[in-house]
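Following: one structure in structure tokens, then a few remarks.
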Amino acid sequence: MGWRPRRARGTPLLLLLLLLLLWPVPGAGVLQGHIPGQPVTPHWVLDGQPWRTVSLEEPVSKPDMGLVALEAEGQELLLELEKNHRLLAPGYIETHYGPDGQPVVLAPNHTDHCHYQGRVRGFPDSWVVLCTCSGMSGLITLSRNASYYLRPWPPRGSKDFSTHEIFRMEQLLTWKGTCGHRDPGNKAGMTSLPGGPQSRGRREARRTRKYLELYIVADHTLFLTRHRNLNHTKQRLLEVANYVDQLLRTLDIQVALTGLEVWTERDRSRVTQDANATLWAFLQWRRGLWAQRPHDSAQLLTGRAFQGATVGLAPVEGMCRAESSGGVSTDHSELPIGAAATMAHEIGHSLGLSHDPDGCCVEAAAESGGCVMAAATGHPFPRVFSACSRRQLRAFFRKGGGACLSNAPDPGLPVPPALCGNGFVEAGEECDCGPGQECRDLCCFAHNCSLRPGAQCAHGDCCVRCLLKPAGALCRQAMGDCDLPEFCTGTSSHCPPDVYLLDGSPCARGSGYCWDGACPTLEQQCQQLWGPGSHPAPEACFQVVNSAGDAHGNCGQDSEGHFLPCAGRDALCGKLQCQGGKPSLLAPHMVPVDSTVHLDGQEVTCRGALALPSAQLDLLGLGLVEPGTQCGPRMVCQSRRCRKNAFQELQRCLTACHSHGVCNSNHNCHCAPGWAPPFCDKPGFGGSMDSGPVQAENHDTFLLAMLLSVLLPLLPGAGLAWCCYRLPGAHLQRCSWGCRRDPACSGPKDGPHRDHPLGGVHPMELGPTATGQPWPLDPENSHEPSSHPEKPLPAVSPDPQADQVQMPRSCLW
């Protein structure tokens with residue numbers, strides 16, 4: 001009798017129950033239930049007391065830096081942690097709502113938090129992101145193939161935080177969400193959760209980077225899923241922000257959280273299972289928020305599940321735009337890194353990044369996390385942005401997008417007392433290079449945040465080798481037609497805030513208007529989609545195709561996701577219609593859709609763009625004409641409508657500039673060279689009150705430019721006199737009509753040697769004098785026959801030893 005495995009009674013039922021427990025719950029994403037890990041008790045290693053461990057049960061303050069010892073699978077690990085000092089911006093606030101619906105705004109110390117980043121000693125490719133608010137929780141990555149998650153066990157709510165568990169990320173299964181409508185029908189929709197973001201080096205104060213001032217909102221459903229615990233909900237948002245910061249650092253973008261908000265009583269904007277409707281309702285609410293609390297981007301994190309497998313949505317290239325700088329994401333994972341990866345992905349779309357096509361992500365394999373802009377969210381812990389994403393980001397910045405990211409968080413906002421060592425230069429500090437143990441700044445004393453002897457500065461784009469750059473040194477070049485340059489002031493180490501041309505300023509040689517710092521034109525948008533050979537289709541294409549109100553031609557969607565047909569006057573603001581070109585690397589996941597219309601008895605091809613099903617749900621606005629695009633004389637596209645805009649603010653500003661300058665986004669004059677701000681009505685160097693002085697330290701250069709402007713008109717006359725003086729054998733004669741060569745004073749019959757630098761010299765004539773009066777004839781040099789013929793000049797012959805001509809004595813006046 002053969003051996004057969006024994007099967008316990010009820011096994012099928014137990015397996016079914018187990019699958020039901022492990023099957024993903026919409027909106028939760030990560031499999032619910034306890035995944036067994038290895039018990040571990042991490043300990044702080046106190047500075048000054050080597051290897052004396054302190055249990056987490058003991059009260060320990062939240063140090064700026066510290067070491068944590070723990071064991072994972074029999075291996076001793078020493079975590080080198082540093083508080084993320086720049087996570088919360090100066091002036092950071094927290095908002096929730098009381099029972100009466102009134103907002104309650106708190107301004108906690110923006111440096112007193114418990115969110116860390118770091119590495120594992122002895123593992124060069126490691127990275128760590130930890131929260132130490134209640135026990136310890138977070139990701140520990142040793143290498144591409146070894147990632148762990150640490151968390152308290154028993155879970156939060158218990159008063160015993162001394163016991164934790166650590167497990168490999170491969171043990172955790174997660175929901176494989178995509179950007180399409182496809183619902184999984186089997187376990188193929190499940191995937192292992194790999195390791196997380198890539199490690200980064202110590203922050204370099206002098207390195208130029210962008211700053212994303214972020215505002216995060218938790219909706220009412222998320223508050224309920226956190227058991228109505230306000231502190232737990234806020235900590236969830238802070239953990240997400242810490243991960244988003246880690247991910248965006250790979251693009252040289254630093255997150256500064258300006259505020260978080262929890263909708264404790266009810267949703268302040270409509271939140272439904274329709275991602276599109278939820279997004280536009282939130283963006284409408286966000287406009288009111290921005291007026292009270294300026295920020296660069298607002299992100300809504302919801303506890304609801306969107307229809308299908310959608311986990312996030314954001315407008316393409318919406319960053320810094322009043323109507324579209326934001327996004328929505330579902331909190332689809334038990335672990336905060338899942339929501340953070342989705343949020344970073346949607347922020348990427350706001351920055352003009354599309355999904356990575358196949359073969360684009362070579363920086364990280366899928367099993368080790370992949371890249372952030374992957375179309376599917378089956379790998380919720382991506383390591384980096386791909387080279388394709390970086391290329392798209394550079395293109396976005398080159399055309400003027402994301403102008404608001406150039407400005408660091410406003411240090412003038414009300415903040416708690418300064419804390420030396422937090423990485424922010426605050427009131428009373430000359431510099432701040434972070435905690436003293438790791439400060440390597442040669443310009444700054446870490447212990448008291450003061451400059452070293454002889455140092456003028458320590459940080460900033462206008463600081464080099466501890467010295468301020470001179471006033472007028474360029475610190476930020478203009479990016480695109482609608483940007484303006486900024487210059488060092490000579491008194492500050494920081495470049496002045498970025499400003500750009502005021503909305504409505506003409507750009508692209510008059511074919512467009514500046515809008516939010518960019519110059520959107522149909523030509524530029526066609527070439528972005530279909531390459532350099534593409535151009536806008538005739539207006540008839542827009543009129544016919546966009547009147548259909550379908551996926552191929554429309555003026556956007558309503559709150560229910562239905563396509564809207566374009567009215568006749570709005571046709572140029574719907575789906576972009578082009579001709580020529582081919583798919584561009586800057587717009588993967590887009591396929592051309594050609595339509596044919598009849599125009600003047602001929603067939604005309606109109607090319608639109610349609611997103612592939614795998615890309616369309618979290619990319620809002622793909623293939624549509626960008627806001628601010630010119631659609632008629634003094635008319636621009638706004639909210640898919642062609643609206644007349646008198647640009648009255650621009651006209652008022654230009655009037656004040658006396659026709660000698662342009663207007664910037666602060667409604668101040670940016671003067672042309674030769675005119676001085678603020679009103680461009682007096683001589684000066686150009687620039688504006690906001691740009692910093694334009695070469696103010698180089699007065700000689702300015703005087704030289706003014707001198708040249710006077711002397712340049714005289715150069716032709718001076719050149720003529722020189723030529724007449726140097727021409728071979730040229731007797732110049734004064735006559736009633738000017739000056740001409742005298743044949744008697746000419747050189748060889750065949751002219752100069754053909755290889756001489758002068759080549760063939762042609763006779764030159766000058767017209768009458770400036771006064772119009774003829775010059776008096778000189779009887780000695782007139783053309784009348786002379787009774788005393790001149791002595792003949794010697795013949796000129798080329799020098800066989802040199803490639804030059806022997807020049808005769810010059811003719812004089």
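In case you wondered, yes, glycine gets a Cβ from its N, Cα and C as well.
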With reference to Swiss-Prot, specify which of the listed residues CYS466, CYS475, CYS519 is paired with CYS495 by a disulfide. CYS475
Of the cysteines CYS642, CYS653, CYS680, which is paired with CYS663 in the disulfide recorded by Swiss-Prot? CYS653
Which one, CYS360, CYS361, is listed by Swiss-Prot as the other cysteine in the disulfide with CYS371? CYS361
Distance between CYS361 (disulfide bond) and GLU346 (active site) at the Cα atoms, whole Å? 18
Any idea what the Cα distance is from CYS653 (disulfide bond) over to HIS349 (Zn(2+) binding site), rounded to a whole Å? 34
Nearest of the recorded positions to CYS680 (disulfide bond) by CA-CA distance, picking from CYS133, HIS345, GLU346, HIS349, HIS355? HIS349
Would you kindly give the Cα-Cα distance separating CYS388 (disulfide bond) and HIS355 (Zn(2+) binding site), rounded to the nearest Å? 9
Here's one to test understanding: among the recorded positions CYS133, HIS345, GLU346, HIS349, whose C-alpha is closest in space to the C-alpha of CYS371 (disulfide bond)? HIS345
Within a 10 Å radius of its Cβ, which of these recorded positions (CYS133, CYS495, CYS671, CYS680) has the fewest neighbouring Cβ atoms? CYS133
Determine, to the nearest whole angstrom, how far the Cα atom of HIS349 (Zn(2+) binding site) is from the Cα atom of CYS495 (disulfide bond). 28
Please determine which of the disulfide-bonded residues listed here (CYS320, CYS361) has the lowest count of neighbouring CB atoms within 10 Å. CYS320
Provide, as an integer number of angstrom, the distance between the C-alpha atoms of CYS404 (disulfide bond) and CYS133 (Zn(2+) binding site). 32
DSSP three-state assignment (helix, strand or coil) for CYS657 (disulfide bond): coil
